[in-house]
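Copied over from TrEMBL, here are the features:
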{"type": "ACT_SITE", "residues": "D291", "note": "active site, proton donor"}
{"type": "BINDING", "residues": "R208, D291, L325, S372, C397, D398", "note": "cob(II)alamin binding site"}
{"type": "BINDING", "residues": "C344, C347, C350, C404", "note": "[4Fe-4S] cluster 1 binding site"}
{"type": "BINDING", "residues": "C354, C370, C397, C400", "note": "[4Fe-4S] cluster 2 binding site"}
{"type": "DOMAIN", "residues": "335-364", "note": "domain '4Fe-4S ferredoxin-type'"}
Amino acid sequence: MEHKDEIRRRHLPSSLLGPLDQAHGIVSEIFAKACINELFWKVEPIEIKVIPVYPRNHINFNQCVGGAFYRTDMAERAQQGAHQAGLPGAEVAVEPDHHPRSQQGRQMAAKLGGRGIVCEVQADSRLVIIAAMQEGNSQTGATASLADGQGAYAAVAQKIKDWGEELGFAAIGIARADVSAAAPWLLRWLALGRHGEMDYMAKHAALRAAPPLLLPGALSVISARLTYWPAAANAQRVLDDADLAYVSRYALGRDYHKTVRQRLKKLADRLSQEAATLDLAEPFACRVFSDSAPVMETDFARQAGTTWRGKHTLSLTREGSWHFLGEIYSTLPLPADTPIADHCGDCRRCLDACPTAAIVAPYEVDARLCISYLTIELHGSIPLALRPLIGNRIYGCDDCQLCCPWNRFAQIGDPDFAVRNGLDATPLTTLFAWSEADFNSRLAGSPIRRIGHLRWLRNIAVALGNAPHSPAVIAALSTRQDDPSPMLREHVAWALAQHRPAAG
Ligand code: SF4
Ligand code: SF4
């Protein structure tokens, strides 16, 4: 290892460990055992960047993680792992990051909070995100007050909020480009396999947990919220009528990716113009995200004080949860807003209302059980045991939101998300008759289109299997029992079998 002198294994009072304090058990379980060990045994190179902000500061790893990086032990274990795997050897390289923007960012983080992340350890394809914290009482004067970070940037932040309001956003907040508090939860969720077949979640975990990998020099995140609750047929009445198809409220109208992105782009353009008037040491850069890249959007919204994370894991406000989130990563050191309190209290309605018990504990969802995952993300066969629980939900599920007391205060959202194609109350048999051409033309511009015609039919077949027995349902299913797709044939056969006792 190089730069040995800059790495110390040192136990600190936990108050210096910032957000990772709250996740010690998780960090210990996931980083030190599942992830780090797995990494060694696979013996792939890890790049560790040590960013020397202040020469006399110690760089202190969280002790749970630091143990794994105790240099002699780490080097030995890496070599052992390599030999056991039949590989020629293992190497750990430590490289200082001299990029001036990185230094600028760390200095600003220190100014704003009195402590901040000064070191990041990242591996693009591994589940390794390790942050080390800077001491709050640095000998080199990193204790400047919050007020020092305000002024010109605070004025820019206020302008961003005003522009956001003009563009129709319900709220705009600002967070630091730091997800070190939430990253351990993501890693734990992945390590438990709760992402199911969403391999991209694991593949891009490092990008999700390290904003500078998506925008070098990222210092702040502008989090935007856009409401979508549509004027539509009563959701509960549709759920109660098993002949009708239930489509998640967010998908009844226009694809939110486009709407949110277009508006964020306008906001980013205004910000770029504003940044040109500032005396910046580094060129300004920003990047817009609308559920289009690995971004921890719920955590940024929480940090930015526009939402809290409900027990169903969705972002939530006193005006409800029917909203989309979007983000702008920026290299400007904008002052972060204050998070709002969690107002879930003793409520557990969402846990009790979930048809498949996918909310396995408060703030924890196992996607493999979630109807939204089963009907949207899952490509293959829907597990037999879960099919009867899906009811008539053919695209997504809203039960954990429909029951939430805060959604009683929801107002009709942005007109861009008004219902199209009567999708709020259409018979299952009608939708099952759509050809692929019908599907593609009628759902042009809808988020539903991305699941494709085959999965659309798969989902409707399950719902028809759960529908009341009728000649119309049997006739509809029969039209597709010889479909070329083995997966669809199997789902149709299952659905027809559900009707046999009633038919016999
Ligand atoms: S979307 Fe539906 S299945 Fe998923 S957690 Fe919420 S209630 Fe449960
Ligand atoms: S239903 Fe209750 S517990 Fe669940 S998110 Fe809403 S307020 Fe929180």
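Don't overthink the numbers, they just go from 1 along the chain as shown.
Cβ coordinates come from backbone N, Cα and C, glycine included.
Keep in mind that TrEMBL annotations are predicted by a computer and have not been checked by a curator.
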Candidates D291, C344, C347, C354 (recorded positions) with Cα within 10 Å of D398 (cob(II)alamin binding site): C354
I'm checking region-level scores; what's the whole-number mean pLDDT for the domain '4Fe-4S ferredoxin-type' (335-364)? 96
Fewest neighbouring Cβ atoms within 10 Å among the binding-site residues C344, C370, C400 goes to C344
Summarise the domain '4Fe-4S ferredoxin-type' (335-364) as counts of helix, strand and coil residues per DSSP. 5 helix, 4 strand, 21 coil
Three-class DSSP secondary structure - C397 (cob(II)alamin binding site): coil
Name the one residue among D291, C350, C370, C404 whose Cα is closest in three-dimensional space to that of C397 (cob(II)alamin binding site); these are the recorded positions. C370
Just the number: how many Å between the Cα atoms of L325 (cob(II)alamin binding site) and the residue listed as 'active site, proton donor'? 8
Its Cβ having more other Cβ atoms within 10 Å than any other among the binding-site residues C347, C354, C397, the winner is C397
When a 10 Å sphere is centred on the Cβ of L325 (cob(II)alamin binding site), how many other Cβ atoms does it contain? 24
Among all protein chains shown, how many Cβ atoms are found within 10 Å of the Cβ of C350 ([4Fe-4S] cluster 1 binding site), not counting that one? 25
If you measure from the Cα of C344 ([4Fe-4S] cluster 1 binding site), which of the recorded positions R208, D291, C354, C400 is the nearest? C400
I'd like to know which of the binding-site residues listed (C344, C354, C404) lie near ligand 2, counting only a CB under 6 Å away. C344, C404
Taking Cα-Cα distance, which of the recorded positions R208, D291, S372, C400 are within 10 Å of C350 ([4Fe-4S] cluster 1 binding site)? C400
